[in-house]
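Per TrEMBL, these features apply:
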type: ACT_SITE; residues: C496; note: active site, proton donor
type: BINDING; residues: R301, R337, N448, D449, R459; note: phosphoenolpyruvate binding site
type: BINDING; residues: E425, D449; note: Mg(2+) binding site
type: DOMAIN; residues: 16-136; note: domain 'Phosphotransferase system enzyme I N-terminal'
type: DOMAIN; residues: 165-234; note: domain 'PEP-utilising enzyme mobile'
Amino acid sequence: MTASSPPTSPSGTVLHGVPVVAGVAHGPVIRPGRLPALDEIDAAPEIDEEDRAAEASRFIAAANAVASRLRARAAHATGAAAEVLAATATLAQDRAWLGTAEKLVNAGAPAPRAVVAAVDQFVDMFTQMGGLMAERVTDLRDIRDRVIAELAGLPEPGVPLPAVPSVLLADDLAPADTAGLDPSLVVALATSLGGPTSHTAIIARQLGLPCVVAVEGLDEVEAGTTVLVDGTRGTVTVSPDPAVAAEQVATAKREAELAARWTGPGATADAHAVAIMANVQDGAGARSARQTPAEGVGLFRTELCFLNRDTEPGVDEQARIYAEVLEAFAGQKVVVRTLDAGSDKPLKFVGHHEEANPALGVRGIRIAAGNPGLLERQLDAIAAAGERTGNQPWVMAPMIATVGEAKAFAAQVRSRGLTPGVMIEVPAAALLADRILEHVDFLSIGTNDLSQYTMAADRMSADLAMLTDPWQPAVLALVATAARAGAAVDKPVGVCGEAAADPLLACVLTGLGVTSLSAAAAAVNGVGAKLSQVTLRQCREAADVVLSQPSAVDARAAALAILG
Ligand code: PEP
Ligand code: MG
């Protein structure tokens, strides 16, 4: 595949996927380089004795080529990026690992296998040394991949550095692919896999890049082809008409400028208030969210603080961590969620059992049945953090399915002088929201899991992303049920799933009666600005219309026609 290859999809073809970050951008396609699979490398035959010297020279030449390419890139970069690239170039020519690999080649190993083995050896050593050396492990693996690609005559792995602003297309993106992604050079993302809560979606949201996932037919679009990504409609247009593309990008730019100028607080054009808050996972995230007009934290995912912990953090340590978030939003509302461990977020110290269907298993509040002390200690820590900071948090439980669970949780929270609520993520809880509200002071709808459980479709499955779309009318009908229950007793009902990050859907949720929206910090301005441009009447009209649509795609189109 070369930059000049002709596109295989005809001009103007519109591919459809799931929109995850609003905005429009266009540019030539770049794709991450692919590596030969490790089993192919392992299966390569030994090198004959008389060819080993040549194989060793081939290896050294490849390592030198990688180092000089990195150095050339360092010369064109500035600041921290230049330093990182120069340091990586130096490591590529480090005598220690080069010598180890060369020895293996001289003993008969093909160069790619020798590179893998030598780097593995140094990765182990660096990891054991810990500290700064351990931090070089990623660089060493990066060099390994670059040298292997060079030996195989393949383009550089990872995201290539484009010469002009480009659109990154991929199957899916790993964190390593996107580390240091420069939003001025990569202007949009689209993937053939991934769902609205996939890693790609999270990165795109953080960087504010228009993004569409689960795009059918994306594999056919070759590097170099111009595409237009519309992260609002969920489309990728192949070789678009240049004038139409320019017009769409200009409109999106105007919207982005409006978003950047939005300073809050959240309200419709006719002054119907809807608090717009941020989802955070630690103190650092909260401090950066504080730089946006977010009016508080609508979801603090506490389990994400402890993903790499083997043992349960003590009450004091937990209190310190929670206090950081409460301090960052001093004087504003913070909703702390108790540990949502299990399923895709297992915590070692919870001691999860092997389960055939972990998403339907012991996760969230269900852990408390087998380990009540864990929840008690966490609530003690949350109360202590509230006392220490003078910012008394609201506290909610994840994965509530019954009225009884909500009642028991509320009693535990109230006994510590805190305000109890529950997440609505299970259809059973949405259906009985009115009875749950007899016990708790607020609800927060987790549309990610509510979509998964309503549609019986794994939120991690790329094949089912069209089903786990929060625009599904069935999901929105459950949101309406919960919001109505809240309105009847004048208690707040927020949304804290990814649905709240979609400006158009945020307006529909407002029309359904939701009283607050909490999303990734990067989405706050876009959501606030969009809401400020529409009236409550328009939101309600859109809400009515979406509920009667036959599909998520129709629901989105119908809302767009009303809300613009
Ligand atoms: C949700 O399910 O919508 C939610 C906010 O919780 P999480 O994404 O952490 O499961
Ligand atoms: Mg959830």
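Even glycines carry a Cβ here, placed using N, Cα and C.
Spatial neighbours are here defined as Cα atoms within 10 angstroms of one another, and by that definition the neighbours of E425 (Mg(2+) binding site) among the binding-site residues R301, R337, N448, D449, R459 are N448, D449. Cβ crowding, taken as the number of other Cβ atoms within 10 Å, peaks at R337 among the binding-site residues R301, R337, R459.
Residues from the recorded positions list (R301, R337, E425, R459, C496) with a C-beta closer than 6 Å to any atom of ligand 2: E425. When the CA atoms are compared, the binding-site residues lying within 10 A of the residue listed as 'active site, proton donor' are N448, out of the candidates R337, N448, D449.
Counting residues of the domain 'PEP-utilising enzyme mobile' (165-234) by DSSP class, helix then strand then coil, yields 16 helix, 19 strand, 35 coil. Around D449 (phosphoenolpyruvate binding site), a 10 Å sphere centred on its CB holds 24 further CB atoms from the protein chains shown. Note: the domain 'Phosphotransferase system enzyme I N-terminal' (16-136) comprises 84 helix, 13 strand, 24 coil (DSSP; helix = H, G, I, strand = E, B). Max Cα-Cα distance over the annotated phosphoenolpyruvate binders (R301, R337, N448, D449, R459) is 20 Å. Look at R459 (phosphoenolpyruvate binding site): DSSP puts it in coil. Reduced to three states, the DSSP call for C496 (active site, proton donor) is coil. In the three-state DSSP assignment, the secondary structure recorded for E425 (Mg(2+) binding site) is coil.
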